[in-house]
Amino acid sequence: MIAPLASSAAKSSKSGFFVPRHVAIIMDGNGRWASARHLPRLAGHKKGADAVKKTVRAAAEMGIEVLTLYAFSSENWRRPASEVADLMGLLRLCLQQEMQNLKEKGICLKVIGDYTRLDQDLVSLLNKAIEITADNTRLTLVFALNYGAQDELVHVTRLIAKQACKGLLDPDNIDVSTIESFLYTRDLPPLDLVIRTSGEKRLSNFLLWQAAYAELLFIDTLWPDFDSETLKTAVEEYARRERRYGGL
Ligand code: FPP
């Protein structure tokens, strides 16, 4: 069957150029930023957390509707235990410091991925932040935590199979929209732009279904150096691209 056209996702921003509705970022290069300065990797992650704050602020100011950040992949558990603990510690600190700020600035926090596998206190903090920001509409900030696109598609397949076994769904009626209705991103607008920092040119198991028609932008900037100007340049590049969704 023919996939439905993704909706045209650009809209005019306050600053005069077209901004994508939904931007996702693979934040890469914290380690290399630190080692170039003979610093421990944690210093790179701390600077990376500062870049997250700057980018969220800039995205809200530019009129982006959804910003999805690959904060911890399902494969990141393979890192040394001390680095996993450092990343979780930073997430804990960011949530404690910023939760109230998110609420006041009109930012709605959502999480994709099986975040219930994180430490229990982090799960509680995340649930609280999700709850107190749920009615905000200025920007939706999505943290991908313990997220892997292949895991997401396995999860979706299981849910669909269960519905079919119960007789609630006819397998012959499964189509693109059925799958989309079970994805973690089911309530979000289509993904328009994926940015990966640090010069690597891979999707690394991030939003594989959702990226089907997204523009991909690979930039050399290391994540800790990413700021509002880098985001603006990326969005300007997006605005120059012509999206045809398989048509002419
Ligand atoms: C990649 O750098 C970054 C990550 C592992 C995830 C992003 C983490 C942050 C932005 C720090 C703040 C943390 C949270 C959870 C908000 P890398 O270590 O892969 O860099 P390298 O490829 O240069 O080694």
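Along the chain as shown, residues are numbered 1 onward.
Note: Cβ is positioned from N, Cα and C throughout, glycine not excepted.
Since this is a predicted model, take the numbers as computed values, not measurements.
The following features are taken from TrEMBL:
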type	residues	note
ACT_SITE	Asp28	active site
BINDING	Asp28, Glu215	Mg(2+) binding site
BINDING	29-33, Arg41, His45, 73-75, Trp77, Arg79, Arg196, 202-204	substrate binding site
ACT_SITE	Asn76	active site, proton acceptor
Rounded Cα-Cα span from Trp33 (substrate binding site) to Asn76 (active site, proton acceptor), Å: 18
Nearest-integer angstrom distance between the alpha carbons (Cα) of the residue listed as 'active site' and Ser74 (substrate binding site): 15
Whole-number Å value for how far Glu215 (Mg(2+) binding site) lies from Gly29 (substrate binding site) (Cα to Cα): 21
Alpha-carbon spacing, His45 (substrate binding site) to Glu215 (Mg(2+) binding site), which is rounded to whole Å: 27
Listed binding-site residues with Cβ under 6 Å from ligand 1, out of Gly29, Gly31, Trp77, Arg196, Leu203: Gly29, Gly31
Cβ neighbours of Gly29 (substrate binding site) where a neighbour is any other Cβ within 10 Å: 25
Rounded inter-Cα distance in Å - Leu203 (substrate binding site), Glu215 (Mg(2+) binding site): 12
Distance, Glu215 (Mg(2+) binding site) to Ser74 (substrate binding site) (CA atoms, angstrom): 24
Three-class DSSP secondary structure - Asn76 (active site, proton acceptor): helix
Structural state of Gly29 (substrate binding site), classified by DSSP into three states: coil
